[in-house]
């Protein structure tokens, strides 16, 4: 079962944000969404998540139009990590991670506690479990929010049902080590757990290293879609980002690319 955007067009205040964009998120794949600032990446993710209604076009989860699904139904099938999660309450870290279980009231307290422990460990933030969320650094908060959506993903596990995870710039506040750890986890969720994972990143080389497929947006349109070798070309770098770049085989990662801006 795939999550599929078909010919999406979306505008705000009369200004086009997305124009005729089609994209498929399939189980077992990590898809990277690239583009310059203002290209429409976050808008496309929100439309795929069912949080924004397109002016035209549709998003399908299997055969179901997302517009026909309730917020609770969506939350039981896909988890979303927004670019800037808003949380103004003075909650403990474990309580924040436990919010991932909110769409699953059938879970008993013991099951929720286990979900929280597993998510904290998978996100590498077990040592923060007893801290208060507002006291954390920006990077620590980002990793705790990642643990929250991991808890949601684990809670939604059901035989024969594909799960989806959407991450909007999840590494923007992280140091290099934690960037790699988060993206490695995202790829493992796709390759090993069979989830469909979409991630927005600005670091082209991180996208080239971790993603199976790349979608390159430019001015609200899909400029390129395919494996990294087809998308990360000097011509695309010039047309989308306005930079001259050399695209080389990665010196230590077989089959991966390295993009060097001149």
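Each Cβ is built from the backbone N, Cα and C atoms, and glycine gets one as well.
For 3-244, the entry in Swiss-Prot reads domain 'ABC transporter', with the evidence type sequence analysis. As annotated by Swiss-Prot, ATP binding site applies to 35, 36, 37, 38, 39, 40, 41, 42, with the evidence given as sequence analysis.
When secondary structure is read from DSSP and collapsed to three states, residue 35 (ATP binding site) falls in the strand class. Per-residue pLDDT, averaged along the domain 'ABC transporter' (3-244), amounts to 96 for this model. Around the Cβ of residue 42 (ATP binding site), a 10 Å sphere holds 18 further Cβ atoms from the protein chains shown. When Cβ atoms from all protein chains are considered, those within 10 Å of residue 40 (ATP binding site) total 23, not counting its own. Secondary structure at residue 41 (ATP binding site), as computed by DSSP, is helix. A simple Cβ count within 10 Å picks out one of the binding-site residues 35, 38 as the most packed, and that one is 35. The binding-site residues examined here are 36, 39; by Cβ neighbour count within 10 Å, the least packed of them is 36. Cβ atoms within 8 Å of the centroid of the Cβ atoms of 35, 36, 37, 38, 39, 40, 41, 42 (the ATP site) belong to the same-chain residues 217, site residues excluded.
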